[in-house]
Amino acid sequence: MAAPRQSTIARWPLVATMAVSLLPPMARAQSTDVTSNSTSTVISSLILNLIIFAVEIVAFLILRPRFRKVYRPKTYLGKKSERTQALPDSLFGWIPQYIRTPSIEIMHKNGLDAYQFVAFLEMMLWMFVPTFIFTWIFLLPLYGANSTVNNKGFNMFTYGNVGALQNEQYRLIGVLFANWIIILWFIYVMRRFTSAFVKHRQEFLLSPQHAATAQARTILITGIPNNYLSEKKLSQMYGYFPGGIAKIWLNRELGELPQLTEDRAKWTNKLEGAQNKLIKIAAKKVKKGKVEGVSTDKDVELNLDVADKYVTKKERPTHKLGAMGCFGEKVETIPWCQEEITRLTKEIDSKRGDAATDYETYKPASAAFILFNTQIAAHMAVKAHAHHEPYRMATRYVEAHPLDVIWPNLTLNPYAVKIRTAIGWAITIAIVIFWTVITGFVGIVSNVQGLSTKVSWLSWLNKIGSVPVGIIQGVLPTVLLAVLNILLVMFLRFLGRASGIPTRTGVELSLFDRMAIFQLIQNFLILTIISGVSSGIDQIVPIITHPDQLPQLLAQKIPLASTFFLSYIALQGLTGAASGFLQIAPLVIYYIKKALLSSTPRKVWHIDNDMSSVAWGTLFASTTLLTAIAIGYMILAPIVSGFAMVAFFLLWLMYKYSFLYVYDMSGASETAGLFFPKAITFTFAAMYLEMVIMAILFFLSQDNTGSQSAIPEGAFMIVLIVIVIGFQYLFNDSYKSLYTALPLSLVPADTVQQPYSDRTPEGGDKKTLLGSEDRVDKGASSMVGTNGKPAPAYGHQTDATLSVEQTANEHDDEEDPMEAFTAPALKDQQRDIWIANDSWGIGRAQNESNKQHGLRSTVRDTAVDAKGNFTTDATVPPGETLL
């Protein structure tokens with residue numbers, strides 16, 4: 001029930017910009033030489049982010065024990081089987097317990113996607129801790145010692161500081177050696193973590209708790225031709241798989257029904273708000289002494305007009321019927337909504353009755369859900385090629401979840417989906433290409449000091465001192481890049497949805513693909529070139545007459561772009577991680593909601609019980625840029641490796657804490673770790689880009705005679721690229737099929753022979769719950785995790801020590817899976833109108849009035865306190881289900 005929100009990375013860049021004005025002029029002693037300003041820029045950014053980091057961490061330590069709703073809701077909210085053990089409330093006493101808690105516990109409490117994200121950060125640590133040690137010991141002296149280029153500050157420790165003298169050019173052999181060692185180490189680490197991912201995914205899918213859920217046994221098929229759109233035809237096609245079929249849902253063209261259902265839901269919300277507003281108005285007047293509050297005995301027959309004693313006709317809620325509620329006829333909200341909901345319910349019920357028998361008006365449309373009796377049957381069916389014509393029944397999804405479905409996209413013709421997808425990718429590629437103009441501006445700002453010496457109207461930058469220039473070059477571009485990326489992510493997610501992808505998780509996976517391309521090309525490659533070359537702007541004009549000097553210019557200036565990226569890493573690692581711990585925005589928003597938005601018991605319940613979550617495509621996108629920068633500059637500017645190592649470590653600490661104690665990930669957003677292999681592919685792409693850049697720089701290197709001086713080094717880089725390509729081919733050939741497969745060798749034999757419907761525990765209900773564990777195969781041999789306990793279930797996981805009966809009791813309010821994939825327009829009932837139960841009888845009177853109109857309504861589990869605030873102790877809001 002928690003809405004995904006954006007990653008906390010780079011949440012406070014504007015605050016950072018303002019805070020820098022408070023810094024003392026500690027960097028003013030820096031040289032005013034253009035290249036030496038790299039040190040001032042990085043130091044200014046680093047000091048600023050360290051101050052923000054320290055302030056936010058101290059604030060977090062102080063606030064954490066006082067605001068458990070924000071800093072540790074996972075310890076007391078949600079199902080008991082999914083809660084994390086509470087930490088001590090002392091200032092530092094919680095840290096040892098947190099450190100000792102293994103990361104694998106995240107998989108038990110929040111799913112495999114959450115665990116694999118933290119594992120990806122851990123993989124980065126395994127990659128960059130040795131890289132940091134090796135490059136700082138080996139490459140920093142290699143670049144910085146006795147160079148004739150004589151760069152200043154951090155720039156003296158970059159590839160561009162290698163001079164043109166022949167004896168200096170020999171240093172490139174050492175650069176080549178370092179590149180080979182690091183890339184081969186990366187390959188080893190990636191293989192190790194991928195192997196662990198495959199093992200965890202298999203354990204995750206095959207755990208008895210997960211295998212018993214309907215989600216584990218349901219597939220979605222799109223692009224079904226009309227002659228196969230019947231339960232009989234699909235049963236004949238898929239009934240041969242082990243255990244047979246439990247249920248088939250055909251997607252339907254429902255005409256006006258979806259809109260009518262949405263309208264009823266809208267007016268139900270409106271009526272619930274208006275009736276609770278009556279109580280709020282009465283409570284306010286009683287509190288101020290404007291009317292006398294008279295308590296009403298619950299057993300005494302109510303006067304339905306009791307509200308008139310407290311609320312005048314003029315004060316009663318009204319609204320307008322026109323566009324946006326601002327135009328049209330003005331009506332009294334409560335009686336109008338009661339009549340409108342009654343009318344809509346009758347119309348909806350009538351059309352649903354027609355839809356049950358009229359398959360001509362309400363035709364089956366393109367897609368179907370199939371619930372199998374066994375998990376292995378679902379996985380076999382999704383791998384089987386179903387139809388002999390192109391694109392027909394070619395797109396199949398396993399582990400389908402009703403809250404994950406984008407229902408309007410199910411009706412699309414497969415050819416329309418292909419066209420939409422092509423258009424979506426064409427727009428994405430166009431964005432990648434034309435975004436260069438915007439990125440170019442950001443890159444130039446990051447080295448604006450280089451322009452100021454040649455562009456007259458920027459000369460004022462030379463007079464304001466090194467600290468302000470450092471802020472302009474270090475902080476401002478970072479802020480611009482962060483804001484632009486947020487807007488870009490929103491648009492790329494829209495493109496994925498508009499392409500016809502039928503699931504929200506599919507949209508997030510598509511977003512990651514698009515962002516991976518964008519991050520590599522724009523936010524790394526183009527920004528590197530523009531930022532680096534702009535620092536040598538004064539040398540570009542002479543290149544027109546002496547083009548032979550271009551290779552040496554590129555070789556020296558491209559590494560200088562590390563100045564901007566060092567500042568960006570400092571922001572991500574220090575300010576981003578500290579902001580993630582502090583959670584200041586959720587803290588402020590929570591109390592704003594409590595003060596301003598607690599207008600109904602339902603809103604009060606959600607404010608107090610909903611937990612934060614993340615959108616995976618966004619979160620991975622914001623992390624993979626850091627990965628690309630770290631890999632791309634680990635050789636060009638080895639200082640980046642140290643910064644990146646610290647950033648990954650702090651982000652690992654923050655996200656481990658968040659997924660253990662703060663975030664609650666819905667089972668509907670779970671892909672069982674499928675973002676991780678995409679992140680591995682992205683890491684390979686970053687490695688290729690780094691190797692290609694290094695090969696080009698080797699081939700472009702010239703000695704002081706103008707001769708190419710590093711041709712052999714460039715050739716060996718090509719050899720390394722070929723080796724990595726070969727390894728990735730073997731890597732994919734070995735593991736790719738296992739990313740989505742359910743191997744028969746791991747499936748318990750009796751699972752294949754006996755359907756779940758025949759294995760219900762004696763005396764138990766045969767209903768299976770999406771996300772519950774109430775039908776576990778008692779004879780199945782459980783997969784065992786690293787802690788020796790059964791692996792967790794899918795979506796929301798349970799502790800292995802909890803019995804099936806214990807966990808099943810927590811799902812009493814969940815939906816029957818036999819209705820789970822019926823379209824919402826065909827099954828959704830009018831949600832219960834939940835009214836506060838006040839002592840004056842207004843809520844009970846409104847409740848009775850609703851029932852007289854045939855509406856579902858209740859006042860249970862609510863009260864109004866002495867201050868007029870609504871309170872509730874409901875486990876689940878009436879009319880809502882937990883999926």
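Backbone N, Cα and C define each Cβ position, glycine as well.
The following features are taken from TrEMBL:
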| type | residues | note |
| --- | --- | --- |
| TRANSMEM | 39-63 | transmembrane segment |
| TRANSMEM | 117-139 | transmembrane segment |
| TRANSMEM | 170-190 | transmembrane segment |
| DOMAIN | 420-698 | domain 'CSC1/OSCA1-like 7TM region' |
| TRANSMEM | 422-445 | transmembrane segment |
| TRANSMEM | 465-492 | transmembrane segment |
| TRANSMEM | 524-545 | transmembrane segment |
| TRANSMEM | 565-592 | transmembrane segment |
| TRANSMEM | 613-636 | transmembrane segment |
| TRANSMEM | 642-663 | transmembrane segment |
| TRANSMEM | 675-699 | transmembrane segment |
| TRANSMEM | 711-731 | transmembrane segment |
| REGION | 753-798 | region 'Disordered' |
| COMPBIAS | 759-778 | compositional bias 'Basic and acidic residues' |
| DOMAIN | 807-877 | domain '10TM putative phosphate transporter extracellular tail' |
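Sorting each residue of the domain '10TM putative phosphate transporter extracellular tail' (807-877) by its DSSP state yields 23 helix, 10 strand, 38 coil. Between the transmembrane segment (39-63) and the stretches 117-139, 465-492, 565-592, 642-663, 675-699, Cβ pairs under 8 Å are most numerous for 565-592. For the transmembrane segment (170-190), the partner stretch with the most Cβ pairs below 8 Å, chosen from 465-492, 642-663, 675-699, 711-731, is 711-731. Confidence over the domain '10TM putative phosphate transporter extracellular tail' (807-877), given as mean pLDDT on the 0 to 100 scale, stands at 85.
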